[in-house]
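A.B. asks: Let me begin by handing over the structure; questions about it come next.
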């Protein structure tokens, strides 16, 4: 809801000031006009905030094109059409299931701390709780982003029907429940649930390092693990064999589109912009926090990209653009949790460590013979988890109180003097996300595997799904 100073007018007091026989009528007229102006200003504030939210939703949705290009460039040419089609499917199936169930499970309050129970099929929207259609669109764009992450992990070997089933289940139930826990005002671990804060703080996962990135990454981890590696990914002696994507150009294009969309993902998570901090008319307000969030997002991604560039150069002897793109995205995934409550210098620390986490996770994946063509489980799962811990270490008290008002003495970052309560809450977040996604998506992929609905045949995989399943090459 917009915050705007109300213009008040007392006809009685004004009549006393005006004096004369017609003072009462004049005072009433003036106050009526002031009331009209006040209403117009309030309406304008709502319109500005809604426009900001809708524009952010469009930016986040543009990330679907980024995911599609990144995925298409990262797979071999014989599977290009398949991975493009799955990205379209994530958005389309996700739209219907998030409309029918997902939005209600995530934000349908008042409800219990576990799951929402209103707004099924957008019934009762718009509502006096502040939810309008723009909120649905924005949150839908987040839900399909989680599904897009998972699709990359199981690329090049998954049956099309499996995409339909997992995408619908993830966007309609699994992801919305996690979003309710940490983002709804009723959620048991939400920083917005001031009446029942976990450790007195709740979880500060501002734009979803855990809610979006870890959910998508852990789901992809189980899918890729149950399916097993692609044919030829590891040789007979167990050594990793690089199955390189066919187009670095598409990878770079997708990365820049995701970078662009992240300015809706992180700054847009304020959901409004026209709210001053402190006295009305101050130069400093929520618009300043939106700008700071864009800056921290940028710095974390840039630092992670450069760290990955030189780190991989030392390890492999090559300047690899694909690795740099993944490093950049790993920095973005990590800063997503704390982007609104940390200083710009801290974002550089976040990006530096995120690159190390990504490189380490990729090395571990090779040793365990885990095959993820997009490095999605390592990137979004590993860097997302680091982002949650980072926020608990570096969140600044002033920013925490501005972004999450309503409770005095709220804990903040451990390294900033705020104690360990926020870190405790965030460690719990990591554990429960891993547990919830594993308990839901793991059995789903296992059942699909047992029913022979998950992985394509070896013959189809060798020939490529574009030819065998989609009627020709892209």
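From the backbone N, Cα and C atoms, a Cβ is placed for every residue, glycine too.
Curation plays no part in TrEMBL annotations; they are all automatic predictions.
Owing to the predicted nature of the structure, the values given are computational and were not obtained by experimental measurement.
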A.B. asks: Looking at 12-32, 96-116, I want to know which stretch TrEMBL calls transmembrane segment.
C.D. replies: 96-116
A.B. asks: According to TrEMBL, transmembrane segment applies to one of these ranges: 377-395, 396-414. Which one is it?
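C.D. replies: Within the set 377-395, 396-414, TrEMBL attaches transmembrane segment to 377-395.
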A.B. asks: Which one of 117-135, 136-154 shows up in TrEMBL as transmembrane segment?
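C.D. replies: When 117-135, 136-154 are checked in TrEMBL, transmembrane segment belongs to 136-154.
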A.B. asks: Give me the mean pLDDT over the domain 'Ammonium transporter AmtB-like' (52-473), rounded to a whole number.
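C.D. replies: That region's mean pLDDT is 94.
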